[in-house]
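Engineer: Here it is: the structure, laid out below.
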Amino acid sequence: MSFSNEMKVFSGNANRPLAEKIANYLNLQLGDCEVGRFADGEINVRINETVRGHDIFLIQPTSPPVNENLMELLIMIDAFKRASANTIAVVIPYYGYARQDRKAKGRDPISAKLVANLITVAGATRVLTVDLHAEQIQGFFDIPVDNLWSYPVFAEELLKRENIVPEETVVVSPDVGGVRRARRMAERLGTSLAILDKRRPSDNVAEVVNIIGEVEDKVVIMFDDIIDTAHSIVKGAEALKNAGAKRIIACATHGVFSDRALERIENSSIDTVYITDTIYHENLPEKVKVISVANLIGEAIMRIRKHLSVSTLFR
């Protein structure tokens with residue numbers, strides 16, 4: 001006797017609008033699951049439909065408030081495991097704690113590894129995420145991890161909205177660590193590549209020391225994975241403007257926007273900022289545009305479900 005395991009998609013509270021778009025792409029309704037709080041603030045998860053023997057895709061970015069959303073995710077995984085789900089694939093569009101992926105100095109924790117351990121022990125059987133800050137985090141897990149790249153989504157949108165002339169445009173990596181990410185975008189758009197050489201005197205503070213590449217009289221596309229406080233991207237834009245950049249467009253997968261980041265962006269040399277909807281925001285300024293990665297994630301889920309290649313999405 002053979003059984004076809006039904007697929008169901010559920011969402012926590014972190015980014016329900018994105019989860020609804022993903023479910024819509026898959027021609028599914030979001031599963032009925034309540035994630036609330038007890039009187040003392042503890043998280044309460046109630047699954048209101050059967051999931052026994054089903055393949056579950058659970059959508060929950062661990063964005064700010066990071067600890068609240070992470071605990072929601074862990075408790076939801078545990079609830080589905082104890083309800084006898086066949087598989088539990090967690091879709092974490094934004095992976096919190098990803099920047100704590102190594103010991104930068106003595107006695108530092110490696111929190112990204114701890115989070116990976118927690119997700120695995122809770123009962124996840126697969127992880128799907130978007131633009132991990134450090135791709136080696138995939139190796140922190142002993143379960144399959146699919147790290148989706150957002151650059152095709154950005155490239156398609158930029159070609160639609162901006163007058164991109166490859167010979168007059170340059171993609172800029174905001175630091176040496178982001179060169180591979182920026183190179184993918186440059187190859188997609190057919191542009192040249194430049195790099196900002198930065199130094200970090202302290203956390204969330206960066207100083208541009210040198211610009212490697214030609215940016216004078218060019219439209220600059222700064223491409224990064226995260227905008228947090230926006231100190232780095234604003235300082236970078238200022239250096240590029242001083243070097244003769246004609247126009248500055250910033251693209252970042254994850255708009256965290258901590259500590260007056262939006263105010264800094266509004267008052268900066270950046271003309272337009274593009275982010276994705278991995279993190280939910282309301283009432284963003286006119287300068288900030290949101291591109292959805294729902295179809296990208298939805299297609300990846302469909303391919304995983306059908307045992308098809310995910311990597312061919314980026315060829």
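Placement of Cβ uses the backbone N, Cα and C atoms for every residue, glycine included.
In case it's useful when we look at the structure, here is the feature table from Swiss-Prot:
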{"type": "ACT_SITE", "residues": "Lys198", "note": "active site"}
{"type": "BINDING", "residues": "Asp40, Gly41, Glu42, Arg99, Gln100", "note": "ATP binding site"}
{"type": "BINDING", "residues": "His133", "note": "Mg(2+) 1 binding site"}
{"type": "BINDING", "residues": "Asp175", "note": "Mg(2+) 2 binding site"}
{"type": "BINDING", "residues": "Arg200, Asp224, Asp228, Thr229, Ala230, His231, Ser232", "note": "D-ribose 5-phosphate binding site"}
Engineer: Considering only the binding-site residues Asp40, Gly41, Glu42, Arg99, Asp175, which residue has the minimal Cα-Cα separation from Thr229 (D-ribose 5-phosphate binding site)?
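Structural biologist: Nearest listed residue in space: Arg99.
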Engineer: Rank the binding-site residues Asp40, Glu42, Asp175, Asp224, Asp228 by how many other Cβ atoms lie within 10 Å of each Cβ and give me the one with the fewest.
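Structural biologist: Counting other Cβ atoms within 10 Å of each of the binding-site residues Asp40, Glu42, Asp175, Asp224, Asp228, the minimum falls on Asp40.
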Engineer: Would you mind sorting out which of His133, Lys198, Asp224, Asp228, Ala230, His231 (the recorded positions) have a C-alpha within 10 A of the one on Arg99 (ATP binding site)?
Structural biologist: His133
Engineer: Does Gln100 (ATP binding site) have same-chain partners at least 6 apart in sequence with Cβ under 8 Å from its own Cβ, and which are they?
Structural biologist: Asp108, Pro109, Ile110, Ser111, Ala112
Engineer: Please give the greatest C-alpha separation between any two of the ATP-binding residues Asp40, Gly41, Glu42, Arg99, Gln100, in angstrom, as a whole number.
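Structural biologist: Greatest Cα-Cα span of the listed binding residues: 31 Å.
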Engineer: Check the Cα-Cα distances from the residue listed as 'Mg(2+) 2 binding site' to the recorded positions Gly41, Glu42, Lys198 and tell me which is shortest.
Structural biologist: Lys198
Engineer: So of all those recorded positions, His133, Lys198, Asp224, Asp228, Ser232, which one's Cα sits nearest to Gly41 (ATP binding site)?
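Structural biologist: Spatially nearest to Gly41 (ATP binding site) by Cα position is Asp228.
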Engineer: Roughly how many angstrom lie between the C-alpha atoms of Asp40 (ATP binding site) and Asp228 (D-ribose 5-phosphate binding site)?
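Structural biologist: If we compare the Cα positions of Asp40 (ATP binding site) and Asp228 (D-ribose 5-phosphate binding site), the gap is 31 Å.
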Engineer: Give the residue from the binding-site residues Thr229, Ser232 that has the most other Cβ atoms within 10 Å of its Cβ, counting over every protein chain displayed.
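Structural biologist: The largest 10 Å Cβ neighbour count belongs to Ser232.
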Engineer: Determine, to the nearest whole angstrom, how far the Cα atom of His133 (Mg(2+) 1 binding site) is from the Cα atom of Ala230 (D-ribose 5-phosphate binding site).
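Structural biologist: Computed Cα spacing between His133 (Mg(2+) 1 binding site) and Ala230 (D-ribose 5-phosphate binding site) is 16 Å.
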Engineer: May I ask for the distance between Glu42 (ATP binding site) and Asp228 (D-ribose 5-phosphate binding site), taken between their Cα atoms and rounded to an integer number of Å?
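Structural biologist: The Cα atom of Glu42 (ATP binding site) is 28 Å away from the Cα atom of Asp228 (D-ribose 5-phosphate binding site).
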Engineer: Other than its own, how many Cβ atoms are within 10 Å of the Cβ belonging to Gly41 (ATP binding site)?
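Structural biologist: 7, counting other Cβ atoms within 10 Å of Gly41 (ATP binding site).
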